[in-house]
Each structure stands twice: as structure tokens, then as C-alpha cells.
Amino acid sequence: MSKKYIIALDQGTTSSRAIVFDHDTKMVASSQREFSQMYPQPGWVEHDAMEIWASQSSTLIEVLARADIHSEDVAAIGITNQRETTVVWDKVTGKPVYNAIVWQCRRSKAICDELKAQGLEDYIKQTTGLVLDPYFSGTKIKWILDNVEGVRERAEKGELLFGTIDTWLVWKLTEGKVHVTDPTNASRTMLFNIHTQQWDDKLLDAFDIPRSILPEVKPSSAIYGYTRIAGEGSHIAIAGMAGDQQSALFGQLCIEEGMAKNTYGTGCFLLMNTGVEAVQSQHGLLTTIAIGADGGINYALEGSVFMGGATVQWLRDELGLIRDAQDTEYFAKKVEDTNGVYLIPAFVGLGAPYWDPDARGALVGLTRGANRNHIIRAALEAIAYQSRDLLDAMSKDSCVELKQIKVDGGAVANDFLMQFQADITNVEVLRPELTETTALGAAFLAGLAVGFWDSTDELKHKAGIERNFTPQISMQKRDSLYKGWQEAVTRTR
């Protein structure tokens, strides 16, 4: 094999990364660049799309140097990205008409309220699988069209293009030749019919968004175009693309119905592959596209917890109880339990399955005997309790009782958290040897598209489990602990 490597571009909320993988899925080299976060008003979050491109393109150049390889050695590039973040740009000059509006930004709440008043909430859920919320791209696009001078007129003349970050990167990598997205990213816009896999005319009319600005939707594993790194060397295929959480699902090889993964980052994102059926949640979860490849679509149920690792950051930065996130395991293990203390980290409300923006954080069960160790342990347990909430909702929606869950993200290095997650859910927790599963998913999609790997069956033999955590507590204790959590949550709402 003359081409020995795949490069994954992992464009995240705070940094851009590039990782080189070899045929055995081992990491050869990586590069990372952070970029600016902008908060022009309370609740608003923006990025400079040109800075994102500069950071991502520089990591691509740097990672080749670190791996000591040339473009001729690279079979393909795969892309994974922060989802929902919205860019609108001039198709001739390539200049954005406004900063990228980030998925966290809440500025379009009034637009959501207007759409709810028009009675569109149920149609949006049935068509897109999403809740009507500023989180998703559709209302962000509308805000730009309605509020940036001259932009709507230019869009209606066919002068502008829209894209989520995947689309923006492909357009830049191909020097403006390719305007494309994949089903996983399209499914996060609130404009895409996940059943027909088409942009939805009724929603485009309701949002008043011209179809001409939208990208073409192609499979998650396909050759979209070619790029030359820094304008030099041979052309490399851009051949795989998926939103970050779906990419992690694929990187964990959760490719069959009933398989699930939980990513422990700033928040927690739990996705379960539901196969060819788009299961409509009755318990506060999102219905989304898991992957679109091999001529078909697999769907997923998704639940998000707002405060995962961010809860540990709060312990460190606001309370000063720890110096480093890694310290939490040491302190948590110094006590047998939390002494009845529950921390409900509803600092920005509660996500799935509650969707309660007005809930606020609380420490429940404090007594004179409670100490730092109990509070730190309660913070870690809260991450696992919230994931149990999601797992229970998924089991009810899918009628599938999960036996195993694969995990990834920074917090999975915490053995205490992983063991408690297994204990409180009564589910086996599998921690992979390689936890860079988001980037690995993009690499898999690209490699499969160009024949670097023959099939997902081949990939299964390369995916190793570093450790599995099995439930160790009795059902009686599990039920008692979780009942205490549920009672504590009611006090925050």
C-alpha cells in the first residue's frame, strides 16, 4: 500500500486539531490550535470563521511535519466538527458576512418563540427530530439574514452560501469548488427532513431562507473533492464527514441497532443507534441521524447533559476544592459514600430528559458531617446520575435494555467515575484503548470511502478495549441511591 495514512480534522468549539492515523488505527502524530471565543452580549457566542480556517489549515500543515510524512503518503482526509455552528459567506470572495454563530448562542430565542406561536413546534419535531430551540442552525441563519444589513437581498440574489463548519472547511479546502454537507450535520439545522433526507420546503418557507444558500447533502462516507496542502504536493481526497457526536458513535463502531456510546466532555452526549427506524422520543430525547453511508441511513436517539466535566471545573475554579480535575478521583475515594449529599449541577438549567431552563443548581443533604471529600464525590456521582437519566429515557423510547455502553472523552480516565457509572446504571462500561474516538470516526469514514479499509468488519478487529467496568453494587443499594437523586432533582425545579 503506497498510501499509508489517514488524516482526521477535528474542528471543535475551542480548538482545531489534526491527527494522523495509520492502517492499524494507531495515532502517529497530532497538532492542535486554539482560537478566540467572542461574547458580544450576554448569551451570545461567536467565532471568527476565518480564524477557524486559519487554525485548522495550520494544524494540517504541522501534523504532516510532526509525522514526517508527505501528502503523497496520505490516502484521504476526514472531517468532524462542532455541530450547529453557522457560517454565511460570499460565494465569490469567500468572505463571511458575519461571525460564525456558535451552537451555544441563545440570541435567536425570540425567533423560536415566533415559530412556536405559528404552531410549528410539532411539525419541526416530527420532521427534523429536534426540539424548537436556538441550539440548532435554522434560527441562527434567519437571524443573520434578518439582522445583518444587505444580507437577505444578497442571499435572494444567489450571492451567498450557508454552511455548518464541515461545509465551510470543505469549501475552503477545495478553494471554493465544493459546497457540501453530510446527513449528520444537515440533521442539526432544523431545516432537514430526516425521513426523506431532503431540505424541507415548508420549513424553508417558515424560516424565510432561500434554498440557493444550502449545501448539497452527500453520504457521510464519500469523496467530496480534493485538496492540496498549502497548495503543494499531490491532491488528497476529502472523503468522510460527520458531526462530532455522530463521528464518536462511528469511531466506537456503534454501527448496529441498540449500540450506544457516552462522551464525557464539558457536557455528556449519549447516543444510541436505533438502526433504520427514526424513533420519536416520548421522554425528552432528540431523534437524529447516526450516519448516512452505504446508500442508507441509520438513526439515533440523543440525550445531552449540560454539565459534565464543567461541574469539575466549577469545583476547581469557583470553589477552589481541587487544583486539577485529576484530583477528584483521589478525594472521592477517601470516603465510602457522599454522606447523603447530592449535587445537582443545574447551573444553566437541566438538559435531557427534563429540558428545564429555569432549574438551578443545588447541594442537597448537607449535614454538619459533610466535608470536601463528600462534595467532590457528589460532583462525580452527579455526572453518572445524569447519564442514568438519559439511559433510562433511551430504554423507554427504544424498548431496548442496554447491557453495555462504550465511553470516550477526557473524564473516562477517572476510574471512580467509570465504576460508579456501571454501578448506578447496572450496565457494563467499556473504555477503549484509544479514546480519540471522535477523530477516529472521521478517519474511518474517509478510509472506507477510498478503500484504505475494506469494511467495518475489518475495523472491528482493530478496536481494542482497555478496560471494562462491571456493576458491583446490589440492586437495593442502586435503587436507594437513584431514588435519592430523583428526590434531589425535584428540589431544583
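The backbone N, Cα and C atoms fix where each Cβ goes, glycine too.
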Q) Since Swiss-Prot lists Thr13, Arg17, Thr266, Gly410, Asn414 for ADP, which candidate among Gly225, Gly309, Gly361, Gly365 does it give for that site as well? A) Gly309
Q: Return the residue out of Tyr39, Tyr123, Tyr135 that Swiss-Prot annotates for the same glycerol site as Arg83, Glu84, Asp244, Gln245.
A: Tyr135
Q. Taking only the binding-site residues Thr14, Arg17, Gln245, Gly410, which one has a CA atom nearest to the CA atom of Arg83 (sn-glycerol 3-phosphate binding site)?
A. Gln245
Q.
Of the residues named as ADP binders, Thr13, Arg17, Thr266, Gly309, Gly410, Asn414, how far apart in Å are the Cα atoms of the most distant pair?
A. 23
Q.
Beyond the listed site residues Arg83, Glu84, Tyr135, Asp244, Gln245, identify every same-chain residue whose Cβ lies within 8 Å of the center of their Cβ atoms for the glycerol site.
A. Gln82, Trp103, Arg188, Gly243
Q: Looking only at C-alpha atoms, tell me how far Gln313 (ATP binding site) is from Gln245 (glycerol binding site), rounded to the nearest Å.
A: 22
Q: Using C-alpha positions only, work out which of the binding-site residues Tyr135, Asp244, Gln245, Thr266, Gly309 is nearest to Arg17 (ADP binding site).
A: Asp244
**Q.** Rounded distance in angstrom between the Cα atoms of Asn414 (ADP binding site) and Thr14 (ATP binding site)
**A.** 23
Q. Which one is it: of the binding-site residues Thr14, Gln245, Thr266, Gly309, Gly410, whose Cα lies the shortest distance from the Cα of Glu84 (sn-glycerol 3-phosphate binding site)?
A. Gln245
(Q) Using Cβ atoms only, which residues of the same chain lie under 8 Å from Gly410 (ATP binding site) while being at least 6 residues apart in sequence? (A) Tyr264, Gly265, Gly309, Ala325
